[in-house]
Each structure stands twice: as structure tokens, then as C-alpha cells.
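Structure, as C-alpha cells:
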Amino acid sequence: IDIWMVTPIIIPSVAATKEPEEPPPLSEEPQPEDSQTEPPPSEAPPARAVLGELRVSSVTPNSVALHWSVPEGTFDSFTLQYRDAQGQPQALPIDGQSRSVTVPGLSPSHRYRFHLYGLRGKKRIDHVSTEATTATKEPEEPPPLSEEPQPEDSQTEPPPSESPPARAVLGELRVSSVTPNSVALHWSVPEGTFDSFTLQYRDAQGQPQALPIDGQSRSVTVPGLSPSHRYRFHLYGLRGKKRIDHVSTEATTATKEPEEPPPLSEEPQPEDSQTEPPPSESPPARAVLGELRVSSVTPNSVALHWSVPEGTFDSFTLQYRDAQGQPQALPIDGQSRSVTVP
């Protein structure tokens with residue numbers, strides 16, 4: 001009887017312990033957390049940046065110019081991805097303030113698909129895509145590199161009385177700096193505006209080349225040139241696809257062993273040169289460079305950013321040694337605060 005009396009006591013006690021263990025609202029606790037996570041999505045849409053349509057503005061046999069917009073929010077940076085003619089993936093880092101880019105080094109008559117990603121930090125927020133086919137090796141526009149009468153003939157089409165006030169004017173095309181494999185050019189637009197520019201020249205083999213440039217730009221660096229070679233550059237100002245005005249200039253690239261690039265790490269030199277002017281005037285007049293930061297890297301490029309917390313600079317020069325140990329120098333406009341080393 002004692003055993004029977006103990007047994008029913010044990011059974012309900014087990015049942016009582018088992019029932020509270022199973023029902024504990026283990027899954028009910030996450031629900032309020034999930035419900036708390038629901039409001040943030042309502043805040044995400046306004047905070048999320050949105051990319052507009054990716055459009056092709058111009059093509060040449062070896063380049064494609066792309067434009068896009070950001071109708072909502074902002075991005076820290078962009079990355080343009082595509083595959084080259086050999087099918088190898090390529091990535092081009094772009095500054096977050098940019099709305100256009102020219103993709104160089106492409107193959108003629110080849111179809112490319114471009115993917116533009118908008119990033120915040122390293123996280124992809126949005127992306128858009130487009131396709132473009134490069135021009136044939138013998139483009140229609142580049143050949144008349146020295147045919148100056150073309151823009152003049154085109155000006156005779158509109159009414160003569162309206163053309164002078166409506167016509168945009170290009171200022172002098174000047175050479176700001178040269179290296180063994182590049183030439184930096186500057187120009188002005190004293191009157192009117194242009195939708196875009198095209199820089200035309202012939203390479204060392206005599207083949208015509210055309211570099212599309214955004215209408216807001218006033219400088220360009222022409223890469224991939226040959227050392228100690230004389231080039232003639234023709235800058236055309238366009239409205240739509242119509243050439244309105246043009247200017248020309250000549251430049252000779254530096255020799256293969258330039259004098260400036262070798263002392264890549266000799267920082268005391270510029271400081272010593274600053275001791276030449278009166279010491280009392282150099283501190284307030286001297287411009288100061290902020291930290292040089294790496295914003296992004298790809299297998300074949302590095303994107304750099306910097307600031308100018310004090311004063312101004314006429315221009316910058318980025319020096320480095322390539323994989324073979326050869327000194328390289330890249331001229332940069334004085335208003336720039338970022339550069340991608342390809």
C-alpha cells in the first residue's frame with residue numbers, strides 16, 4: 001500500500017514537471033524581437049540609395065563611355081564590372097561622387113555587358129546593367145583628325161544671326177605635364193557649354209585614337225603613349241553628336257628615364273626646396289596634403305583618395321614603381337582628390 005501510495009504521487013509530479021518544460025514560450029520570445037525588426041524595414045527604403053539607368057554615352061574602337069544617376073540617397077563608391085575580350089573578369093573602382101566613367105583598353109567590334117554596383121562601405125546596395133558594342137577598327141569620326149573646316153562648315157547650317165550667341169567656344173588647349181607614357185592636357189570654355197568633348201590623336205603606329213570626355217571636364221590625361229614621341233592632339237567640343245568648336249596642340253612625351261620619378265621616397269627634397277624662399281613666408285603660404293588613403297583595390301588597379309586641409313596645389317604627381325621596378329609618374333589635376341592607378 002505504501003508503494004502504491006508513493007507511485008501516484010510521483011506520476012503527477014512528473015507530469016507537472018514535463019508540462020511546464022514543453023510549453024515554455026521559447027518561440028514566443030523571438031516574436032516580439034521579430035516584431036521589433038519589422039519597423040526598421042519601413043525606415044530602410046528612405047535610407048537606401050537607388051541607382052538610375054546605366055546609359056552608354058559614346059563608343060570608340062577601344063573604349064566605352066557610361067553615364068548614370070542616383071535619384072535617391074548616396075553611395076560611398078561604385079564598382080563597374082565586366083569581362084574583357086578574352087572573357088576575364090575586370091573591375092573598375094569609381095568615386096562615389098562620379099556619375100560617368102570611360103572604360104579604356106577594350107577591343108574593336110566587341111560586345112560587352114557592364115554591371116555598375118553602388119556601395120556603402122564594402123556592401124553592395126544596388127546595381128544596374130547595360131550592354132554596348134565598341135566601334136569598328138576604322139571609326140567614321142576619328143580619321144579626320146586634322147580636318148579643321150568640319151566644325152566651321154557645321155556652323156553654317158544654323159541661321160547665321162543665331163549661331164554666334166548660341167555657339168560655345170573652346171579656349172586654348174594647353175599641355176600641363178608629360179611623362180614617358182602620358183600627356184596631361186587642360187582647356188577652358190570661355191563662352192557657352194558643351195555636352196561632351198572628344199580628344200583625337202594618332203598613336204605611335206599612326207592609328208587614329210579617340211577619347212570621349214564628359215562635358216563638365218576641363219582636363220584629361222592621355223595614357224598609353226610612347227616615350228620621346230611627338231603627338232598632335234585635337235579637342236572637339238560637341239553638342240549632341242555635332243562638333244561645335246575645336247582646338248589643337250602638340251606635345252612630346254618624356255624620355256624613358258625621366259629625371260623626376262627616380263627619387264620616389266626622397267621626401268626631404270621638396271622640404272629643402274621650401275627653405276629657399278623666406279622662412280617667415282613659407283608656413284602660411286605652404287599648402288598641406290592630408291592622409292593618402294586606399295579606397296579600393298582590384299587585381300590590376302588601386303584607387304586612392306586624399307585631402308588638402310590647408311592651401312591649394314596647382315597639380316599633383318603620383319609616383320610609384322611598377323612590377324618590373326620601373327619608375328612611373330601619373331600627373332593629376334590640382335582640383336582632383338582621387339585617382340585610380342590602372
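Using N, Cα and C of the backbone, Cβ positions are placed for all residues, glycine too.
Heads up, TrEMBL stuff is auto-annotated, nobody curated it.
What TrEMBL records for 50-139, 169-258, 288-342 is domain 'Fibronectin type-III'. What TrEMBL records for 12-46, 88-107, 125-166, 207-226, 244-286 is region 'Disordered'.
Helix, strand and coil residue tallies for the domain 'Fibronectin type-III' (50-139), in that order: 0 helix, 52 strand, 38 coil [DSSP].
For the domain 'Fibronectin type-III' (288-342), the DSSP-based tally of helix, strand and coil residues reads 0 helix, 31 strand, 24 coil.
Across the region 'Disordered' (207-226), DSSP assigns 0 helix, 11 strand, 9 coil.
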